[in-house]
Amino acid sequence: MCGIVGAASSRNIVPVLVQGLQRLEYRGYDSCGVAVHAGGLTRTRTTSRVADLLTQVHDDQVEGLTGIAHTRWATHGAPVVHNAHPHFSYGPGEGPDSTKPPRVALVHNGIIENHEALRASLQARGYVFSSQTDTEVIAHLIDSHYDGDLFEAVKASVKQLHGAYAIAAICRDEPHRVIGARAGSPLILGVGADGTENFLASDAMALAGVTDQIVYLEEGDVVDLQPGKYWIVDRAHKPVARTVRTVQAHSGAAELGPYRHYMQKEIFEQPRAIGDTLEGVQGIVPELFDGVGQDGATGASAHRVFKAIDKVLILACGTSYYSGCAAKYWLEGIAKIPTQVEIASEYRYRDSVPDPKTLVVTITQSGETADTLAALKHARSLGMEHTLTICNVATSAMVRECKLAYITRAGVEIGVASTKAFTTQLAGLFLLTLALAQAKGRLSDADEARYLKEMRHLPVALQSVLALEPQLISWSEDFARKENALFLGRGLHYPIALEGALKLKEVTYIHAEAYAAGELKHGPLALVTSEMPVVAVAPNDALLEKLKSNLQEVRARGGVLYVLADRDTQIDSSEGIHVIRMPEHYGALSPLLHVVPLQLLAYHTACARGTDVDKPRNLAKSVTVE
Ligand code: AGP
């Protein structure tokens, strides 16, 4: 989603700003732009890729010591140049056509909920709007408060904003200053190495190779950046010192290696990612989930919390929600702990019955998903203080907000369609299940040893599943010609069917739906024809015979089946039934393996259809607005 980079320096900062945007491209965007102070304010905007912005600023010889840059993912107003950021304010009665130069330039990530009221009042005062965005309102608002001090103008403006924002602003009359502010959307401060420059960005990755000295701005902070110094005030506008952390961010951008796309690379990285995630796990100990600093130096104690809780509430979105759905089967089946899984954007607004003895588990790859963060805050506001996150970014807002944390080690995931983040989440959730079972006295030593052995086998097992790729390529040739697909699973593999359908939708734009196979005859069977491929996840578990009956129902209606069957499952390829045999039966850990062929199917179908695999239309990697 939108990305921000800003800099106040003593050197030409345009290359750093645009490279920063390139590192934020993975978040998803549909336009981009940069504004610098070069005597006055000047800007370049495009609905094309950041690479084209780079060419444009190079051709136009755009240079400046102070600047802001942005990738926009459209919310208010279409993805056209006049809606792209940075937005200018020329002052009341003036607009782009006037001879007066712009006074304020601004970039924004988030959504301003009271933008209509603010727009009306600013228009009444003579401000001329040239976009449909909520962002332009903030530029004019800052201008309306400007009286020679941009910091003061931003502080006065943010008091009037309702909603979520991370902003960066520069001013014609103060050439060496960038002002930033955040509430509800992420923004970090990068402290330059030699005391001659400072930076703002949406995340540390944007500043990889520029600085590793990072300050995570907190809710309500406003920051004043100048080349050799910075100054932060908190939400009450009182001066505040924030910790500078050393953060090793990797851009990951140069590491495509032999792969065609990041999605393919990330699918094939899963044995490594799972191996890294499990590294150092010698036994099931609650300390695996201890906090990372929230409650003092060593964080909160998982041991105490796991003993205290008697329920689990999982909050997440998208793929992360599906990993939570799979974990429910483990948590109730193995740890015998009642578990509720909620879509974060629903939970945050519905009336629910809170229980303080609940462990609230958020699952998020990015750690910045606005709905999941808001759902967590909502749970806390209801008195549920035991919070744990399964997250892939140790420095993210979510890790800072939760008392306990399990950091998956998927590594940076660039492809918008989540793959290795999903399987590492499942690994973390399985460990959590075992840790809770142990805390409740429901895990014998023998079971602990057996489960750990099975987990350690996962990297090897994943390699053998990845070797099925040629067969998935063959399936993808059929799918590439279809416009609809149905995915079926039962029990623990129903969430895997859901995830398989989501992957196919995201990267191929084929309409795909997933059902618990037992639901077929309650409605979706009406959709089945020879034109509707039906994918079935069919491990050799207790529900296999039931699933086989469901598959017969499909065949009897002329539906063509694509079955992922375990090696020892008696389902064979025949007329209208295509079977790929999984190399082994994986027991409780089967979801981590069965999802991989579905990822490969989506990936190769997308390649066959020629879609933008890593940056599917309309989607963003980091969903930082509601
Ligand atoms: C996954 O393929 C999706 N791009 C999306 O559903 C994602 O999982 C969701 O937006 C949640 O993101 P998070 O894990 O960063 O919170």
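The backbone N, Cα and C atoms fix where each Cβ goes, and this holds for glycine too.
TrEMBL has this to say about the protein:
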DOMAIN    2-228  domain 'Glutamine amidotransferase type-2'
ACT_SITE  CYS2  active site, nucleophile
DOMAIN    302-442  domain 'SIS'
DOMAIN    475-616  domain 'SIS'
ACT_SITE  LYS621  active site, for Fru-6P isomerization activity
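Rounded to the nearest whole angstrom, the C-alpha distance between CYS2 (active site, nucleophile) and LYS621 (active site, for Fru-6P isomerization activity) is 10.
Annotation for LYS621 (active site, for Fru-6P isomerization activity): same-chain Cβ neighbours under 8 Å, separated by at least 6 residues, are MET1, TYR26, ARG27, GLY28, SER366, GLU413, ILE414, VAL416.
The residue listed as 'active site, nucleophile' falls outside any helix or strand according to DSSP and counts as coil. For the recorded site, LYS621 (active site, for Fru-6P isomerization activity), the DSSP three-state label reads coil. Of all Cβ atoms in the shown protein chains, 27 besides its own fall within 10 Å of the Cβ of CYS2 (active site, nucleophile).
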